[in-house]
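Straight from TrEMBL, the features:
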BINDING   Ser165, Gly166, Ser167, Leu168, Glu186, Asp214, Asp232  S-adenosyl-L-methionine binding site
Amino acid sequence: MYTVCICSVLEKIKFLGFMSVGSAPSWSCETLLTYLFFSRGQSSANYKAVTMSFVEYGDTIKDGDTAIVFLGHESMFPVKVQHGTVTQTKYGVIRHSTDLIGKKYGSKVTCSKGGWVFILHPTPELWTMNLPHRTQILYSTDISIITMMLELKPGSIVCESGTGSGSLSHALIRTVAPTGHLYTVEFHQQRAEKAREEFREHGVEHLVTVTNQDVCKNGFGVSNIADAVFLDIPSPWEAIGHAKSALKAEGGRICSFSPCIEQVQRTCLAMEEYGFTEINTLEILLRVYNVRTISLQIPDLGKAAEDNSGSDFDSSNPSHQGSPCANLQQGTVQFKSGVPLREVVGHTGYLTFATKSLV
């Protein structure tokens, strides 16, 4: 366990400008310690977080954590753990003080009515499925291809607009942690403030900077530092120039998400105008299959009919109902098969990718 003398910590805080004499730090103590730890080149595997974080797993549920209450695959919801608070479920009451705080994540908790639930550690994937919707969000199908095609990895610098409900933001933060950073721009002030609050509660505020401004007019607020840029705005073609300025001089990747093909056309023209290369557009459609037991009749290939043609066999005769020939004609076979869902999620949006040219 890595330890730091509190005196040296405070001295370094003052040196970095996070704290002036007689003033309070603008960052939380946990955030400062996290920064100092990683600035010394320590691995995140050796760092034990004091508070819950979406980028590092914690064993024990603590007061102030965000946890996922799992009732079933189609029924779960987030809850903020607070001493003295209770949460109502269809299986009864969950008392945070006695049922949650101090228990291990993944524990099976019995509710007041005798039913039980599981308490899960939050992840970006679980958060995408359970977050409060302030806008339309991206789901794991699109998020996974975005992360891969933008070539993101730990240490990457990413610019994003707009922040929205933070679904993609949490996935990007987890991907670039512990030494990367996300610069996210949100036009709507209340959504920007709510995003800052959630990032702080989720223990990732040191990995993200939220800016409230119009990216089409004012850009991302940074220049020549980003490895990748993501745009999810109504008129992405108006922000292509700012995206190019934000990307590193040695190049980088850009992705634009748009629901309408007309938006894609104008964005591709703008990308070509600003010198981007390898422009291509994808649409990801997810088709889920359920594994079921299927029963089908044994096909009659004619042999049984030929065998019975020269005899006086009558299947309608009650005395013949239990005969082998009757069972063969009426027999069925069971097997496992993948069956697509009757209702599937259709079009979500088009993903346009491009590369900043070095020329």
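Glycine residues also receive a Cβ, built from the backbone N, Cα and C atoms like all the rest.
The model shown is predicted, which means the values in this text are computed figures rather than measured ones.
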- Note on the structure: Its Cβ having more other Cβ atoms within 10 Å than any other among the binding-site residues Glu186, Asp214, Asp232, the winner is Glu186
- Item | Chain-internal residues near Ser165 (S-adenosyl-L-methionine binding site), provided their CB is under 8 angstroms and they sit 6+ positions away | Leu131, Pro132, His133, Arg134, Thr135, Ile137, Arg191
- Query: Among Ser165, Gly166, Ser167, Leu168, Glu186, Asp214, Asp232, listed as contacts of S-adenosyl-L-methionine, what is the widest Cα spread in Å, to the nearest whole number?
  - Reply: 20
- Query: Does Ser167 (S-adenosyl-L-methionine binding site) have same-chain partners at least 6 apart in sequence with Cβ under 8 Å from its own Cβ, and which are they?
  - Reply: Pro124, Trp127, Thr128, Leu131, Ile137, Leu138, Tyr139, Ile143
